[in-house]
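A.B. asks: Quick one: structure below, then a few questions.
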Amino acid sequence: MRPGLSAKRLVVKVGSAVLTGERGLDLEAMAEIARQVAALREEGREVVLVSSGAVAAGMRRLGLKERPKDMPKKQALAALGQPLLMAFWQEAFAPFGLPVAQVLLTAEDLSSRSRYLNAKATLRALLDLGAIPVINENDTVAFEEIRFGDNDQLSARVAALVEAGLLALLSDVDALYEEDPKKNPQARPIPEVESVEAVLAHAGEENPLGSGGMKSKLLAARIAGRVGIPTLLLPGKRPGVLLQALSGAPLGTYFHARRRYRGEKAWLFGLLRPKGELVLDRGAVRALKERGASLLPAGVKEVRGRFSRGEAVRLLSEEGEEVGVGLANYASEEIARIKGRRSAEIEAVLGYRYTEEVVHRDHLALKEEA
């Protein structure tokens with residue numbers, strides 16, 4: 001059996017296309033998902049739901065047929081719809097005696113180490129209490145998050161947050177295909193993906209893999225895979241699909257994962273959104289990989305992007321290969337001034353010195369580490 005299919009804890013993301021029908025939210029679809037989750041609970045598994053549908057619920061409440069295009073109205077509909085969405089989930093799980101708990105997050109909430117740890121503790125407590133956490137984007141305050149596919153990536157970060165053994169994406173597509181099945185009915189599904197990176201490398205604008213919805217799912221699989229969590233992309237409208245797939249039925253597309261990261265390194269490598277990039281010389285790359293050293297200013301060749309002290313940065317080799325992710329001890333403007341210099345020169349250049357390292361090894365996750 002594929003790794004993760006027997007996981008004790010899994011995150012299930014339910015997309016808007018699965019939850020909605022011609023008249024807004026599809027209550028029968030929600031009931032079917034609740035039935036499957038309840039069956040998993042009977043097996044002794046823990047399930048965290050990431051649910052879209054707040055905007056659709058708001059549209060249903062107001063009798064709107066067309067989704068608005070301007071952001072304030074989308075956010076207003078999300079505010080109207082979120083309590084209704086939770087009420088529908090409560091109704092769906094009521095026959096099984098399972099309580100549901102609302103948790104609203106944005107990806108930025110997980111970028112703060114203290115908020116990340118608080119969210120982690122709360123979700124663990126909810127699972128210990130036997131509740132079904134239902135997580136959604138906090139759409140009314142998260143401007144960038146109301147766009148197609150973002151809950152895919154949020155679900156991957158939630159999977160890392162709760163240390164799930166599997167991420168299941170319930171979608172309106174059957175699987176990842178070699179070609180667009182709408183254009184070519186003979187297009188073949190891809191049952192397994194060993195390297196999401198390789199698929200993403202070919203997901204250009206003219207490639208069906210590069211379309212907004214599918215690319216977001218690939219990015220989610222990459223985020224989860226980076227911290228050792230495999231991903232299943234499944235046709236969410238199919239009755240019993242989750243139970244069947246977890247029993248080993250060849251459904252959807254299975255994305256393999258790398259070796260697992262733990263603790264702060266999982267947070268660094270899987271949950272943070274790097275604000276910039278540092279290009280390192282070959283000596284610095286060797287020092288990080290072979291000696292577990294910290295990154296000193298002498299090893300930095302180039303600074304890309306703008307970031308503040310304490311924010312995450314991606315570390316790259318001169319050839320453009322990712323080396324790791326770390327927390328910067330200096331802002332981008334400061335590193336640009338001290339790059340290539342010895343640590344002893346920092347104070348002379350800046351007029352002050354926080355630390356001798358640009359990134360300390362304790363706050364650094366290398367790509368090959370596990």
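Glycine too: its Cβ is placed from the backbone N, Cα and C atoms.
Feature annotation from Swiss-Prot assigns ATP binding site to Lys13, Ser171, Asp172, Ser211, Gly212, Gly213, Met214, Lys215, Ser216, Lys217; the stated evidence is sequence analysis. What Swiss-Prot records for Ser52, Asp139, Asn151 is substrate binding site. Annotation source Swiss-Prot lists domain 'PUA' at 275-353, citing sequence analysis.
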A.B. asks: Could you tell me the mean pLDDT the prediction assigns to the domain 'PUA' (275-353)?
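C.D. replies: That stretch averages a pLDDT of 94.
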A.B. asks: I need the nearest neighbour of Met214 (ATP binding site) among the binding-site residues Ser52, Asp139, Asn151, using C-alpha distances.
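C.D. replies: Checking each of Ser52, Asp139, Asn151 against Met214 (ATP binding site), the shortest Cα distance is to Asn151.
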A.B. asks: Ser216 (ATP binding site): which of the binding-site residues Ser52, Asp139, Asn151 is the nearest Cα neighbour?
C.D. replies: Asn151
A.B. asks: Per DSSP, to which secondary structure element type does Lys13 (ATP binding site) belong, with helix, strand and coil as the options?
C.D. replies: strand
A.B. asks: What residues, ordered by sequence, lie under 8 A Cβ-to-Cβ from Ser52 (substrate binding site) and sit at least six positions away in the same chain?
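C.D. replies: Residues satisfying the criterion: Lys13, Val14, Gly15, Ser16, Leu19, Asn136, Asn151.
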A.B. asks: So the record assigns Ser52, Asp139, Asn151 to substrate. If I measure every Cα pair among those residues, what is the longest distance in angstrom, as a whole number?
C.D. replies: 11
A.B. asks: Round to the nearest Å and give the CA-to-CA distance linking Asp139 (substrate binding site) with Asp172 (ATP binding site).
C.D. replies: 22
A.B. asks: Which of Asp139, Asp172 (the binding-site residues) has the most other Cβ atoms within 10 Å?
C.D. replies: Asp139
A.B. asks: Which site among Asn151, Ser216 has the most other CB atoms no more than 10 Å from its CB, taking these as binding-site residues?
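C.D. replies: That would be Asn151, with the most Cβ atoms nearby.
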